[in-house]
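Pulled from Swiss-Prot:
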- Asp517: site 'Essential for primase activity' (SITE)
- Asp519: site 'Essential for primase activity' (SITE)
- 596-626: region 'Disordered' (REGION)
- 617-626: compositional bias 'Polar residues' (COMPBIAS)
- 881-920: zinc finger (ZN_FING)
Amino acid sequence: MTLVLFATEYDSAHIVANVLSQTPTDHCVFPLLVKHQVSRRVYFCLQTQKCSDSRRVAPVFAVNNETLQLSRYLAARQPIPLSALIASLDEAETQPLYRHLFRTPVLSPEHGGEVREFKHLVYFHHAAVLRHLNQVFLCPTSPSWFISVFGHTEGQVLLTMAYYLFEGQYSTISTVEEYVRSFCTRDLGTIIPTHASMGEFARLLLGSPFRQRVSAFVAYAVARNRRDYTELEQVDTQINAFRERARLPDTVCVHYVYLAYRTALARARLLEYRRVVAYDADAAPEAQCTREPGFLGRRLSTELLDVMQKYFSLDNFLHDYVETHLLRLDESPHSATSPHGLGLAGYGGRIDGTHLAGFFGTSTQLARQLERINTLSESVFSPLERSLSGLLRLCASLRTAQTYTTGTLTRYSQRRYLLPEPALAPLLERPLPVYRVHLPNDQHVFCAVASETWHRSLFPRDLLRHVPDSRFSDEALTETVWLHDDDVASTSPETQFYYTRHEVFNERLPVFNFVADFDLRLRDGVSGLARHTVFELCRGLRRVWMTVWASLFGYTHPDRHPVYFFKSACPPNSVPVDAAGAPFDDDDYLDYRDERDTEEDEDGKEDKNNVPDNGVFQKTTSSVDTSPPYCRCKGKLGLRIITPFPACTVAVHPSVLRAVAQVLNHAVCLDAELHTLLDPISHPESSLDTGIYHHGRSVRLPYMYKMDQDDGYFMHRRLLPLFIVPDAYREHPLGFVRAQLDLRNLLHHHPPHDLPALPLSPPPRVILSVRDKICPSTEANFIETRSLNVTRYRRRGLTEVLAYHLYGGDGATAAAISDTDLQRLVVTRVWPPLLEHLTQHYEPHVSEQFTAPHVLLFQPHGACCVAVKRRDGARTRDFRCLNYTHRNPQETVQVFIDLRTEHSYALWASLWSRCFTKKCHSNAKNVHISIKIRPPDAPVPPATAV
């Protein structure tokens, strides 16, 4: 049969109804597209509003072509009058299309009883016919509708309509338009004016040379559609196959799917694919779209999946994508490049002294003490900041001065002013540890300790009496060590020192032991873990740690290298557990300059769903196993994992520790055996907290408690030891147990004590850097990094933009910007608009800190961050809080300017501060002003505030 798509200049539903009822009018129908097939019947069609099985047109009436002579109108490109359609109407073929509307019999005396003739049925059901036509069909009466939907050129409109409306393919209009562009690579015909009449539009389509190419285009589009489906099916298969065999955490898996499709269907990739499958006029129809099969799938494998296959394989990841730089030092003790010559000294002091000796004070007392030390040593030593940072610098410094006070020429440290007790003088030659002690009612005290009584104050004398020195399992060995328990805190800092102590990280000291805060987020429904599960988890983590250590640093012997595990004690059954979504288990993520700072939230909320798995306890109404679980933690499982770096190896910058933690975070998800254990019970991604490796941050020591924030005086969640004994100590584990009880093996900056002798001791080394080649930033994982590369427009480099602002277009290719140039840029272009907005929108007591007579000093910290200080003679001072007027205001608020770029040469500057009070969220970043600074040659004002 022959199909004719037509349109009208008047309401199509009424015109069709007139044809059906054989009511002649002066209207015409305009044939737009014709699909020929040898037949004496011609079906006139309209586009349907809904598509059933991709059939987008349906007939509204049929005519006898022997009477109509359709070819005569098509050849003359003329509209068809209604009289011709009425005369040739085939009622036998048309009436079934509307029979469902004529179910109610119509009785008419004028027609001798019941009406049966089709035209009379239409007449008496005229409203139903019109309603049916308007509900089922699209009836556009203007060419502009066709142009806006199908394209603006005759080739685009004709070919798109012919394929989309007549061929019944599962393709959208946008897809068909893409097929047309690939088919007609050079010429799409003339542009159709939107003001054309329906007659002009019909004549254009009926006389278009593209009518002769419809059959070729349809064959190409069918082949292209088949090729597209095959390509996408292959992409789906590859993405799903990798997802099923890769051990991806849940959230990473979701992001991976999005990233994979973005990579496979990126704009540049689709443009390449279009060139591959473009229409080839010289090829046979069956050879169209057959070049380079599997193009998208191959590119996806090359650009993403092959990389991920290696990146998500532990051995390949460590071998190919992690880069470690180590500096070998001179072994001669008198050399300038030896550890002694470089000042790479860890903590001194005694852990088993006769008494506790050190400085204890709140942040206010600390500021006064440091001011006193500055006064006493002003002519000899550099001044110290009156804050925790100053105390850390004092306790880390190895500088000494000469004195004759004893009658002989001797050297002394500035720490003598902090701890003047003569008996402590020999202990002050090496750096001292700085701790933070949590007191009741959320008070905090800072401590610099030279001597303490660790074992005598913390452990009972007979602690190891029942610990065997023979082969025992890890589980049994752990159960032989019993510690006394306390739950009520003391207001005395000296007493509380042995219950709620936290080590403060000091970036000026080398790091000997890697202290990991490991918070494993448990799945919903996991309300307890069996003992076997907990210890297998620790053994699996030890295996991962040793694999990473051996790959990154070498000289690691897994059978004897110690890894110390501590688990946060489970909450009692009577205590509700809150904050399941809290990001950290029990480590304090603060910079602590105010004794009112808070600790982190409690562990997770109770879970309500059940996820059955071996070794996992769920909450059920009837449980087969009535024995209590070994671990009752809900929400997450908190572990402290401590291991020394290999012998004679230290890290000297916190960025190294953050990078190592990032590598371990990824490696934990890649160990096959560990993943099998973790997958049913947890979400292992990003379990290690990298935030603790910042200057001034503190982490709770093993064997210490947390303070209960609700009760104020009660302690809970003590970090208890789990002994995972290396194979070399399996026959005699007592030495390993003693090492795990030794404080010197548990601190960031203390050299390990009693480290086992190795068959081959390495030379002294410094870890300069550890870098993930694909994800150099510790703030983003692999998926996030690749997603940004795929989706985000590329920003201009900061150095390029800074040079453009300094030197104009001639300096835009500068390789580097010196600190002096950066200071000049901040003073001349960045600071004036910031100060203007600061004075306009902030209270005078805030803005006057930045105006005369105060002299400001801008100290670059890299190219993107500039610290703002006030000059006070030879010293620098910080500011009072920019947000609030605190009860005890102090000039300890740090102010910075961040610089960042966009796709143009505009420069964004943000003024932000960091206040250390609880009210200001304890050292959180508070952004005050952000401005956009346009290039010097821009015609608009230099800054726009947001």
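Each Cβ is built from the backbone N, Cα and C atoms, and glycine gets one as well.
According to DSSP, Asp519 (site 'Essential for primase activity') sits within a strand segment. Helix, strand and coil residue tallies for the zinc finger (881-920), in that order: 0 helix, 17 strand, 23 coil [DSSP].
A sphere of 10 angstroms centred on the C-beta of Asp517 (site 'Essential for primase activity') encloses 24 other C-beta atoms. Counted within 10 Å of its Cβ, the other Cβ atoms near Asp519 (site 'Essential for primase activity') come to 23, all protein chains included.
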